[in-house]
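Structure first, commentary second.
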Amino acid sequence: MIASALFGLTLLVGACALFILPAWRRGRHPISPVTRDTLNTRFYQHRLDELAHDEAEGVVDHRNEHILELRQALLSDVPPDAVPAVRPLSLWLLTPGIIVLLAVTAGLYLLTGGAAKQLAWQQTVSEMPALRMRIMDAKAPQLSAAELARFAIGLRAGLLTQPENKADWLILGRIGVVMNDVATASGAFERAWQLNPDDAAVTLDYAQVLIRSNDAGDNQQGIQLLRRLVADRPGNLQAMSLLAYGEYTAENYPQAIALWQQVLDRLPTQDSHAVDIRQALLRARQLSGQKMTRLNLQVSLLPGIEYHLPRPGRVLVSVTDGMSSTPVAVKSLPLSRFPLSLSLDDSDAMLPERLLSAQKQVKVRVRISSDGRAEPEAGEWYGESALQDFNDGDRIQVQIDRQVSQ
């Protein structure tokens with residue numbers, strides 16, 4: 001900032017000097033005014049020289065007569081008034097101009113200059129140590145959006161002088177993610193990745209920003225990075241899961257399904273991420289048109305009870321694993337004619353972590369309800385199957401032949 005101020009002051013002094021110098025030189029070395037007498041004298045001498053030359057060449061005669069005529073003509077050219085003497089210009093008369101020049105310069109600088117930004121930048125640089133301590137301390141109060149923006153400016157300033165600082169590039173990238181600034185995040189993570197392309201964590205950060213970008217080119221670049229990372233480190237579940245998401249967004253559903261299935265197989269049963277992965281797997285299978293595991297049912301009525309069924313009514317189907325009363329899958333249909341054929345699949349699952357396709361044994365219960373409530377009411381008709389092994393495409397027979405007791 002000091003260098004900029006000195007440069008601006010030098011330019012201003014130079015402008016004032018250009019404004020004053022001509023008047024100052026004129027005051028010290030006044031220019032003699034060229035009067036009519038001076039011009040006539042010069043003309044007279046020049047004409048005498050011409051007459052002498054013409055007489056020597058024999059062009060004119062009677063030189064004295066021409067000289068007399070010239071004198072009479074010059075004597076008749078007398079100015080009506082005396083020419084006033086030229087007064088030197090006072091430097092004090094330039095003072096208003098200098099004041100205007102300084103005022104205009106100061107005004108333009110305040111309007112278009114960077115003084116305010118320079119002061120803000122200096123304040124940011126002075127705050128950097130405290131901001132860095134807060135952002136690195138998990139127990140410290142979180143930085144506000146304005147503080148994050150100032151911290152990002154300070155990081156950029158530091159990285160101009162230390163472009164090899166990978167840690168600061170990573171911090172800047174994460175700030176970009178928090179502030180939803182894709183350009184800052186991707187640019188910072190790219191620099192960090194270029195400094196250490198073999199670092200799996202840095203590659204994951206960079207690839208995640210690319211995968212979630214709205215630019216298809218960025219998405220493809222992120223997928224390529226993750227494919228190389230998974231090939232080098234096949235046990236990295238985070239990279240596999242992120243690659244599966246990238247393949248899913250690129251509509252490469254078979255690849256996404258295979259990757260998510262591998263991740264799911266390696267996760268502990270109670271892992272919180274398993275639920276999300278099962279949901280993602282289900283969506284990918286539905287979008288891909290992949291054949292899903294189905295349970296086929298054939299529901300019939302005990303002869304004679306069709307006259308005792310509620311009209312209108314609902315047919316409620318629930319499938320359990322035989323060990324827990326919580327259903328694995330449920331389905332509700334309007335009451336119509338019997339026998340009734342229907343099927344259930346993973347889209348009917350109650351919980352994403354308990355898919356129908358994952359069951360080895362199933363037990364089916366079918367109930368007819370007047371209002372479709374989950375809780376059975378006394379007098380409602382229902383039927384159950386036995387607990388039996390379950391394979392894709394199996395058909396289970398259920399007969400509705402009993403009533404809920406009082």
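Note that Cβ sites are derived from N, Cα and C of the backbone, with glycine treated the same way.
As recorded in TrEMBL:
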- 89-111: transmembrane segment (TRANSMEM)
- 119-273: domain 'Cytochrome c-type biogenesis protein H TPR' (DOMAIN)
- 166-199: repeat 'TPR' (REPEAT)
- 295-401: domain 'Cytochrome c-type biogenesis protein H Ig-like' (DOMAIN)
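Broken down by DSSP into helix, strand and coil, the repeat 'TPR' (166-199) contains 27 helix, 0 strand, 7 coil. Applying DSSP to the domain 'Cytochrome c-type biogenesis protein H Ig-like' (295-401) sorts its residues as follows: 10 helix, 49 strand, 48 coil. On the 0 to 100 pLDDT scale, the repeat 'TPR' (166-199) averages 90 in the predicted structure.
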